[in-house]
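> Feature table excerpt (Swiss-Prot):
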REGION    1-401  region 'Carboxyphosphate synthetic domain'
BINDING   R129, R169, G175, G176, R208, L210, E215, G241, V242, H243, Q284, E298  ATP 1 binding site
DOMAIN    133-327  domain 'ATP-grasp 1'
BINDING   Q284, E298  Mg(2+) 1 binding site
BINDING   Q284, E298  Mn(2+) 1 binding site
BINDING   E298, N300  Mg(2+) 2 binding site
BINDING   E298, N300  Mn(2+) 2 binding site
REGION    402-546  region 'Oligomerization domain'
REGION    547-947  region 'Carbamoyl phosphate synthetic domain'
DOMAIN    672-862  domain 'ATP-grasp 2'
BINDING   R708, R747, E753, G778, V779, H780, S781, Q821, E833  ATP 2 binding site
BINDING   Q821, E833  Mn(2+) 3 binding site
BINDING   Q821, E833  Mg(2+) 3 binding site
BINDING   E833, N835  Mg(2+) 4 binding site
BINDING   E833, N835  Mn(2+) 4 binding site
DOMAIN    948-1084  domain 'MGS-like'
REGION    948-1084  region 'Allosteric domain'
Amino acid sequence: MPRRQDVEKVLVIGSGPIVIGQAAEFDYAGTQACQALREEGLRVVLINSNPATIMTDRHVADRVYIEPITPEFVERVIARERPQGLLPTLGGQVGLNMAMQLEEAGVLARYGVRLLGTPLTAIRRAEDRAEFRALMKEIGEPVPESAIVTTPEEALAFGEEVGYPLIVRPAYTLGGTGGGIAHDREEMRDIVTRGLKLSPVTQCLVERSLLGWKEIEYEVMRDGAGNAITICSMENIDPVGVHTGDSIVVAPSQTLTDREHQILRSAALKIIDALGIEGGCNVQFALNPHAREYMVIEVNPRVSRSSALASKATGYPIAKVAAKIAVGLRLDEIRNPVTGTTYAAFEPALDYCVIKIPRFPFDKFTTADRTLGTQMKATGEVMAIDRTFPGALLKAVRSLETGRDGLFHPAVQALDDQALRERLRTPNDERLWAVAEALRRGVTVPEIHALSAIDPFFLDGIAAIVAMERELADGPLTAERMRRAKQLGFSDAAIGRIVGMDPLAVRRLRLEMGVRPVFKMVDSCAGEFPAATPYYYSCYDEENEAVSPPGRKAVVLGSGPIRIGQGIEFDYSAVHAAWELKAEGIQSIVINNNPETVSTDFDTSDRLYFEPLTLEDVLNVVEQEGDIEGVICQFGGQTAINLAVPLSRAGVRVLGTDIDQMDRAEDRRRFDQLLSDLSIPRPPGGTATSVEEAVAVARRIGYPVLVRPSFVLGGRAMEIVHDEAELRAYMREAIAVSSDRPVLVDRYFLGKEVEVDCVSDGEQVIIAGIMEHLERAGVHSGDSIAVYPTVTLTHRQRETIVAYSTRLALALQVKGLVNIQYVIHGGEIYVIEVNPRSSRTVPFLTKVTGLELAKVATQVIAGHTLAELGYDPDRSGAALVFRTPAGAGWLWPEPAERVAVKAPVFSWQKLTQVDTALSPEMKSTGEVLGVDADLPRALYKALLASGVRVPHRGTVLFTVADRDKAEAMGLARQFSDLGYRIVATTGTARALQACAIPAERVNKVSEGAPAIPDLIRAGKIDLVINTLTRGRDAHRDGFIIRRTAVEHGVPTLTSLDTARAVLTVLSSLREGEEVGISAVQDWV
């Protein structure tokens, strides 16, 4: 059956910003879907608010709208573009919920838009807990005993009836948001109250707990004619009770008997048939390990996180096939692009083991509750492939980049036996390491199984690793022992640590012994058919399947798992680098381990290696590929930059900016000397290797000071301290300082922060744009609202920034990208830091300027000059030009009629016990973009897209630190003048009344009921403005207020600058005033 002819133009809804529970997998799925639809001759319109995605590039869809994903904005896009079809199942829960809202509001009917793919009735039956349960009963599929509740009282009544523990699952939410496991009445009331608030239909499912049962998933695909296949079975190592996004997952399932597999596979196919799914779908089961009994947990009637994993694990392009099914094609008509010969109706076969391990943000949020449950907490994930379970497991562990290359964990090793057993009993992010430690201490596999409910098969695999640790420690390192250790997944570094050798010495010995990895192919058919676009994984087996054709080739290092501080923005640059190398006639070879990303899609590069980003693993690929031009490190974030020096020392050429120049930018002493030579000021500071040295530096330069370890990224453990007592407390509590781990102490200037991204060839520098941060220095740049072009800088300040940026880029001989951050204090411009690599603002500037930074940087790295590429300040209409004897720098032309605002997005609701106050340490997980003719409208769009919905009337709570009171008075007066009611804590209320601003006093927690948290819970406060007093103790009023507000969906602003931005919007836009839309194609 050919594709349907009644549809020529299709609207695809993206998934918006990255939050916990919805990460890069939807950029990968959406990008693949847009390409698939255009292959079928359709015009594609896309709406997505996330500028960091490949999906929102101008060439991916015919019309790209980076606008808030709300019913009003999607309707405006539909009214303008008049698509005949809407594809909602590739934008995660956001896309699905939006389709439901548009249908219910009559928008789709009004504009004659047909829903493509899985019908709305099927979506509703899968997502609505009551309808789903009724359908399962109808087709004879077992579901746990449960109740649909719309009030906490109904949930408590069910709890009384069936007993605890019970699992709470809110309807239509993402990543288990608002859900949890209730062990008693108190927990039930808390979880259900929150869950009902977060469910768009105010509905929760409360079900009997199946804790301890195995969790098994099937990724299935069905077309409109009823043909269906299973693509992959997946088994969660963690039993039921831990969200699948937080579980270690193995594919294919390892512990099922053939009979169990056939029963569950048949059930999955029966369920999607009964639902009438058209496209990809994920079915989750609980399987009783002690009897042949199973329960259906839930169905995701859309492409999901598990789809991305199944897709990368099998080589089957799920999103592409789902998009083609949505426009009427059948499975037996869709060619599998991986093999080029088989069709999509062919079920994948796997002859290897795939493991996914989640990446958690607990290194950033040390106070967060690390217990894992039904509400997801991971920010990203890694995937590893090997022939054996232990081999894939250890490969995945070292892909996580948590400083551990094996199953040794100092914090776990320090636990006493009782605490270790508790760690085994309670699911948490360190349980894998606890299992290994328990085995080392002689705890048996049956005992660990009884405590953790982890299947003995997996425990035996971990036991094999522990046994090899012992064998390596006890005996000589023979060639036979080396080979067995490598087959179990041990890295050279892990072997070296056990036997007391340097990792490179282990490598040399291993190569002398002839113990080398081979590379195997992922091709979706276990080698039955030749693959047209293969990708590879390493293992210590016999036959090498990798083919490395001669010719020019270069390696692009990816950025690994998504985590706070290193997100999808870096994958964006790596993808553009791979594409541009191809265009230059250079074979692009990508190494990465993140299954969610576009960089690990089968057709992004010429060859893909799914490997950890460590020196050993990268060198193995370089050796396999033979004569390469070099490795590009500057697009993979800090992950790739950290490999530049070790690779260079190992004799591998690092392409782009010279290693020594990168060190000049990173090394404190050399960087200070560079700035001194160039006469460019920076805030005074120094390096300390002891507490007393830090105190001496602070006394010399004056308080407040910004202190941070010199060896971390993403602002980790960075803090502003205001006096000596705070400094001593920080040095004592936050970090271990020593001669090889110095602390940087800088004078903190409370000024405006500005940053630039530049591309340089060593002779010419293009400053792509100057971005102004709305929050003052002291809030991490990734957590600030950024505005382009600048709105408050003077012409002289802009000239100075262009001059400084040019001189720095030329002095460092930058070849490719460089990001420079400045602070303006007392009219003077100071350099804060220089990063000679791609930055998280590259996708944002690429979208709004039209200058494809990563592409141009790759052309420069490939050997072109900017002049050869046609970039010239005189011909390009440069906004500002600065010339020196060494070369010229110029500011890319700025739009006269547009302002762009990038706003951060946080995942506070998923992480309990985390302070929401902004600081020098980055906390946001994603970003959105608002673009319009002026700042208030662009800001409005960005705030709306980021989830900050401030009502045009209501009550504002002011509770601010003493040092902020004077400044807060002006803001409070503006809110009051706009008609808001002001309430404040005692000190702030007194200050407001002294300024004749009407304000009512409210109680702090310690002052008795009703206190501020009670008012928030009762819905009597609409906006909280709260700045940080000293200290972040979880028992302090400020912390409790901020957490209560976040958990009850009340917008909370912890920076007066953000509050000022909100006021700009409120005072400029009338309630209900319509704001226009524009497509990326119209911007430049």
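In case you wondered, yes, glycine gets a Cβ from its N, Cα and C as well.
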> Which secondary structure state does DSSP assign to R129 (ATP 1 binding site), in the simple three-class scheme?
helix
> Between E215 (ATP 1 binding site) and E298 (Mg(2+) 1 binding site), what is the CA-CA distance rounded to a whole number of Å?
11
> Select the closest residue to E833 (ATP 2 binding site) from the following binding-site residues, measuring between CA atoms: R208, V242, Q284, E298, N300.
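Checking each of R208, V242, Q284, E298, N300 against E833 (ATP 2 binding site), the shortest Cα distance is to V242.
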> Binding-site residues R208, Q284, R708, S781, Q821: which have a Cα within 10 Å of N300 (Mg(2+) 2 binding site)?
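Checking Cα-Cα distances against N300 (Mg(2+) 2 binding site), the binding-site residues within 10 Å turn out to be Q284.
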> Within 10 Å of E753 (ATP 2 binding site) (Cα-Cα), which of the binding-site residues R208, V242, N835?
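Those near E753 (ATP 2 binding site) - Cα within 10 Å - do not exist; the answer is none.
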> Measuring C-alpha to C-alpha, could you say which of the binding-site residues R208, Q284, V779 are within 10 Å of E298 (Mg(2+) 1 binding site)?
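Among R208, Q284, V779, the ones whose Cα sits within 10 Å of that of E298 (Mg(2+) 1 binding site) are Q284.
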> Please list the DSSP helix, strand and coil residue counts for the region 'Allosteric domain' (948-1084).
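When I sort the residues of the region 'Allosteric domain' (948-1084) into the three classes, I find 61 helix, 19 strand, 57 coil.
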> I want to check the contact list for Q821 (Mn(2+) 3 binding site): same chain, sequence separation of six or more, C-beta distance under 8 angstroms. What comes out?
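For Q821 (Mn(2+) 3 binding site), the qualifying residues are E753, V754, E755, S781, V831, I832, E833, V834.
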> Among R708, V779, N835, these being the binding-site residues, pick the one whose CA is nearest to that of Q284 (ATP 1 binding site).
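That would be V779, the closest of R708, V779, N835 to Q284 (ATP 1 binding site).
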> So of all those binding-site residues, R708, V779, N835, which one's Cα sits nearest to R129 (ATP 1 binding site)?
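Closest by Cα: V779.
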> With a 10 Å radius around each C-beta, find which of these binding-site residues (E753, E833) has the fewest other C-beta atoms nearby.
E833
> Please report the Cα separation of N835 (Mg(2+) 4 binding site) and V242 (ATP 1 binding site) in Å, rounded to an integer.
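Cα-Cα, rounded: 39 Å.
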> Across the whole of the domain 'ATP-grasp 1' (133-327), what does the mean pLDDT come to? Round it, please.
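The predicted confidence over the domain 'ATP-grasp 1' (133-327), as a mean pLDDT, is 93.
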